[in-house]
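A.B. asks: Heads up, here are the entries from Swiss-Prot:
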COILED    884-1049  coiled coil
DOMAIN    735-764  domain 'IQ 1'
DOMAIN    806-835  domain 'IQ 4'
DOMAIN    831-860  domain 'IQ 5'
DOMAIN    854-883  domain 'IQ 6'
REGION    496-530  region 'Actin-binding'
REGION    532-555  region 'Actin-binding'
REGION    590-613  region 'Actin-binding'
REGION    613-635  region 'Actin-binding'
Amino acid sequence: MVATFNPAVGSHVWVEDPDEAWLDGEVVEINGDQIKVLCASGKQVVVKDSNIYPKDVEAPASGVEDMTRLAYLHEPGVLQNLQSRYDINEIYTYTGSILIAVNPFRRLPHLYSSHMMTQYKGASLGELSPHPFAVADAAYRQMVNEGVSQSILVSGESGAGKTESTKLLMRYLAFMGGRGAATEGRTVEQKVLESNPVLEAFGNAKTVKNNNSSRFGKFVEIQFDQSGRISGAAIRTYLLERSRVCQVSDPERNYHCFYMLCAAPEEDAKKFKLGDPKIYHYLNQSKCIQLDAMNDAEEYHATKKAMDVVGISSEEQDAIFRVVASILHLGNIEFAKGTEIDSSIPRDEKSWFHLKTAAELLMCNEKSLEDSLCKRIMATRDETITKTLDPEAALLSRDALAKVMYSRLFDWLVEKINTSIGQDPDSKYLIGVLDIYGFESFKTNSFEQFCINLTNEKLQQHFNQHVFKMEQEEYKKEEINWSYIEFVDNQDILDLIEKKPGGIIALLDEACMFPRSTHETFAQKLYQTYKNHKRFTKPKLARSDFTICHYAGDVTYQTELFLDKNKDYVIAEHQALLNASTCSFVANLFPPVSDDSKQSKFSSIGTRFKQQLVSLLEILNTTEPHYIRCIKPNNLLKPGIFENQNVLQQLRCGGVMEAIRISCAGYPTRKHFDEFLNRFGIIAPQVLDKNSNEPAACKKLLDKAGLEGYQIGKSKVFLRAGQMADLDTRRTEILGRSASIIQRKVRSYLAQKTFIQLRISATQIQAVCRGYLARSIYEGMRREAAALKIQRDLRKFLARKAYTELFSATILIQAGMRGMVSRKELCLRRQTKAATIIQTRCRVYLARLHYRKLKKAAITTQCAWRGKVARKELKNLKMAARETGALQEAKNKLEKQVEELTWRLQLEKRMRTDLEEAKKQENAKYESSLEEIQNKFKETEALLIKEREAAKTVSEVLPIIKEVPVVDQELMEKLTNENEKLKGMVSSLEIKIDETAKELHETARISQDRLKQALAAESKVAKLKTAMQRLEEKISDMETEKQIMLQQTILNTPVKSVAGHPPTATIKNLENGHRTNLENQFNEVEVNGNAGKSAAERQLENVDTLIDCVKENIGFSNGKPIAAFTIYKCLLHWKCFESEKTSAFDRLIEMIGSAIENEDDNGHLAYWLTNTSALLFLLQKSLKPAGAGATASKKPPITTSLFGRMALSFRSSPNLAAAAEAAALAVIRPVEAKYPALLFKQQLAAYVEKIFGMIRDNLKKELSALISMCIQAPRISKGGIQRSARSLGKDSPAIHWQSIIDGLNSLLAILKDNYVPLVLIQKIHTQTFSFVNVQLFNSLLLRKECCTFSNGEFVKSGLAELELWCGQVNEYAGPSWDELKHIRQAVGFLVIHQKYRVSYDDIVHDLCPILSVQQLYRICTLYWDDCYNTRSVSQEVISSMRALMTEESNDADSNSFLLDDNSSIPFSIDEISNSMHEKDFASVKPAKELLENPEFVFLH
């Protein structure tokens, strides 16, 4: 495969091994052409130098995505690369444009999600990781761009995954060419996809190698129109394995449909008279009845569902399953010898039962069915002869009938599917997907294997020609000189098989036409004809077998059944029987045979199949082919097992190794200039000159190495076979010499370093010793000086201490004397002050005691009166409460009671305040009168004392003065009378004071009772409020539920108008409790028919005027949108919110929808985003569902009660008047909204979300192109020849990152200029950064060349720029930076050094805590260090990740390593409401254009 190379000792090579195919090892000894190799397994082998191949030690551990990039393109290199990728679940690998798919035998749903299809859409082949989607996309793009039909050929042996790969291709083509929007009925692509389950049910079966093996070939033509949309399709099938219906080997199964029908629901099983599949002969020949991974009952329902999709009616489905059931019953008919010679009849009652059941299911005559199985009619010229069949012949007849019925049924299904799908006669382009059997070689190979291998021979020839063509195109593209490349042509094998006359098929047809021919005579004919043919041999000791040397190996065929299987005819009795069936479906399967066809020449399966192959190849030759080779890694059908020998054989059978051999025949090694110089620049470093370009440098290097025959292309170096190994050998020798030099230098450096350290150590020890001696002398001197200083300081301390004690004692004595004098003086002053205070407090106490008595009496009187009035009102309220009727009246009266009780409480509080004031005034009067009485009492008392003293004096003087004049006696009497009067007045005052005290006590008691009653009334008021609130909540819930039920039908169409609403609405009632003078004038007009029409027309004109004004950009006022504010004021004034029918909302919605038709104008969209969000905020604050806020929105009822009248006086107080004035100035008014208003609010919310999404998507679209340029660092070659390019490379990426920041700044400026709410700006940036995170992260995981150290540093520098921008606009960016967490952690992992020392816990908990195991595994396996050539994480870490992935393999979500872009709306209406305030709109001015219009006077 490659030329012999000259290995050196230490070279790494591959040696052949009978068990493992190839083993890697190291050359340890060379003796001429004998090479001793130490294998990695530990054993030593001696081989010839011609039997070893070089190994690329620098190949990445995870393999390469395209094997043409391998340094050595040979069998062991290819095998090792596939195994390395298979071990890390990378099951797809390119070989040029050929995709190799290794069956993982496990579910990998993350590889086939819709998100993955989106990733591959439009990506160039090789740009992303290998995938069937990439092949399908390349075919689709080539068809659309070049106008050339395409074909995708999927091949491989049974169990390799051909069917699944075909499904993926068809799914992706349906994704690319689908119609998108739903159409009536099923689309073409849906029918094409759903045809797979139907064909699998009737054409797939379990074989030894595969549980779901396709036993037929399939070519699906998907037709496209000029725009690239699927317009039609056709399915062509080849060579159904009919013999499987009657003969099943253990442990295989028959076709799936038989087992599905047996597992059908009980009613279907009874209808078809079916039971356990083990009782049917056609099924119980094998012990395998049930498959572990397949539920036949579920598959039955899935198949019926697929039949519905592809257009098979329920009647046709019933007929199909009746035919299938009849075949099972036919198989259980056994025959015994009849009464006549060589005749037969059904053996027993069981056979008769199955015969009868089969006849019933086929709707034919039971006797006719028996005759068709047991008899033959021979027609001669004169008469018709009936011939009986013996039991053995009857069994063969039975099996022939079963096989032909199933074959016709399968053909009908294919034809029905094609008819249902429909072909486009005008289609010019198609993409064909070929799913056909791979090369087969078993112990027993019959006619089916012969036809299958013929197919593979034809396809292999087509494949070789395509590969050769690709090689030529590659050479032409690189403009190199090339000569004709020889490759193995299998035309001689094809001539051997299909040449006419003289080919094997022609001889087989000839043998079939002779009645007496047997397989032995046919074999002898083959032996005679091809005894000298190099591709044909006769096995030893074989009488009827023959061997053909195919391209993939020798295959021995057994001819026993060749003749029977090649005959393509239907027994006449079977044809007549089924054509006469009363079931139209069965009769149509066997239409009457025309006379022309009866007289036509012999037709065979082989010839017909050969014609089908010719037709297929004609189609393929008119298309551009693409190849997918499916590989089965092991025969155990288990994951994680890679059998080298098995895979190698399949690579050979699939033609992959032949393609590699063709590549090796020319220039097998192709390296880009930079890769070549980076790898081999060490051979001739002097050629890496600053002034040299890459091609010249490569040429100089190759000339320096003395190689010849190479070619320098436009972008690559093309090397002959073996030249890469020679270069690697020289490189290894140079590296070895360099290693020796490095080792010598290192040893010299280490010895020198040791000597220097010893010398430094000796010097340091000497310095330490000298220092120690010097420090000892210095320490003695310090101690002597210190002793002298201590003595001096001690003497000074003792003297100072004696003086300080004497000084302190003197001061202490003086302080004690002065303190004693001061304390005596302080004590005297305290006594004087205390006496004064006691006198003052005593006088105050006496005065206060008298005042409290008077105040208590006054309060008692007031409380008694208030209690009387309150009880009277409470009694009236109770009577009114007992008279309540309906729920609404109860609610209104409760509201009235609550208000009255509220006002009563307020009045009570006010009365308490007034009474307090009256108390104070009365107390003041009482105090003043009391003082007067006390003064009079004191004066009277003083007079009495004087009188008593005068009387005493008189009594003392009386004995002396005997004679008193008359005048003195009269004066005495007057004084006595006056004294008596004063005494009486004093006693009456004392009585009056006692009565007043009693009344005060009684009043206090009554006041306490009244207070209790007032508290009880207040508690009752609270309870009534609670009850009323509950009633309101119930009513509100009922109304809200009603509104929600009405609105559910329009939730998904917020932009459309409400059906059923007329364009105009009749104004029934314009009163809402807040009428202006202008409204009063309008409502006073008599509403008759003509006046109503005029008002409606005026309303429509006003709405038109409003829309004409606000549909233009009328700007902002104080940072708030004028249009939104104007619309809200107009709708509020026109009472549209309270109207049951209005067209204003529909007109506004239409206006907004037409205003945002230009989806690319971010400025215009931002303007309307601000307006719609502001208007939504105003509606959110204003609108209340009907009945939910009736109490708050209604005007307080006018009351004539005492408390109501008194409350009116309270409303006119200064504080309440100011509050009313502030409420009048409020912009937002609560309104009880009707259904149209609530619908308008929902539609407005939908438009806010829609405009937000449009702006966000525009930004994403702008950034998408830039992100793709920011993910991969520019490649920089080794040496100076790229220095100028490096300097440009540093600036070029920065331009793309700066362009992203410029795009963000541009949009931010637009949003700020249009005053978009801050919360929406933050959400836009948050979702945009999340999009950037998803795109960068997914690109990193899908492109191996991105998972490098240098690329990590490159992306990290770009992320730093974004972080700086987020810091600069932190207010508007919000938490956007946190959205980049995945790419930040992934890049952080790429740029850390010494990854092999990092443990799994360190990665999961410290480096990348947010990443899943699948994502970490993907990064670790793809990573390669392009700067320092260090290793990735250790194998233990990889094993830990793989174990965890195996545990989570059943979870589809956990298996996905890609991120999904979240396009949902990330905010709610409440967030918008919380970001604004009502006061922000207080200073907003309406549109100036409307202020001049007399109809909009209310805007002033």
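Including glycine, each Cβ sits where the backbone N, Cα and C put it.
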A.B. asks: Within the region 'Actin-binding' (496-530), count helix residues (DSSP H, G, I), strand residues (E, B) and coil residues, in that order.
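C.D. replies: Breakdown, helix to coil: 24 helix, 0 strand, 11 coil.
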A.B. asks: Per DSSP, what is the helix/strand/coil residue tally across the region 'Actin-binding' (613-635)?
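C.D. replies: In the region 'Actin-binding' (613-635), the DSSP-based counts are 9 helix, 8 strand, 6 coil.
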A.B. asks: Could you break down the residues of the region 'Actin-binding' (532-555) into DSSP helix, strand and coil, giving a count for each?
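C.D. replies: Tallied per class, the region 'Actin-binding' (532-555) gives 0 helix, 11 strand, 13 coil.
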A.B. asks: Mean pLDDT over the region 'Actin-binding' (532-555): what is the value?
C.D. replies: 91
A.B. asks: I'd like the per-state residue tally for the domain 'IQ 1' (735-764) from DSSP, helix first, then strand, then coil.
C.D. replies: 30 helix, 0 strand, 0 coil
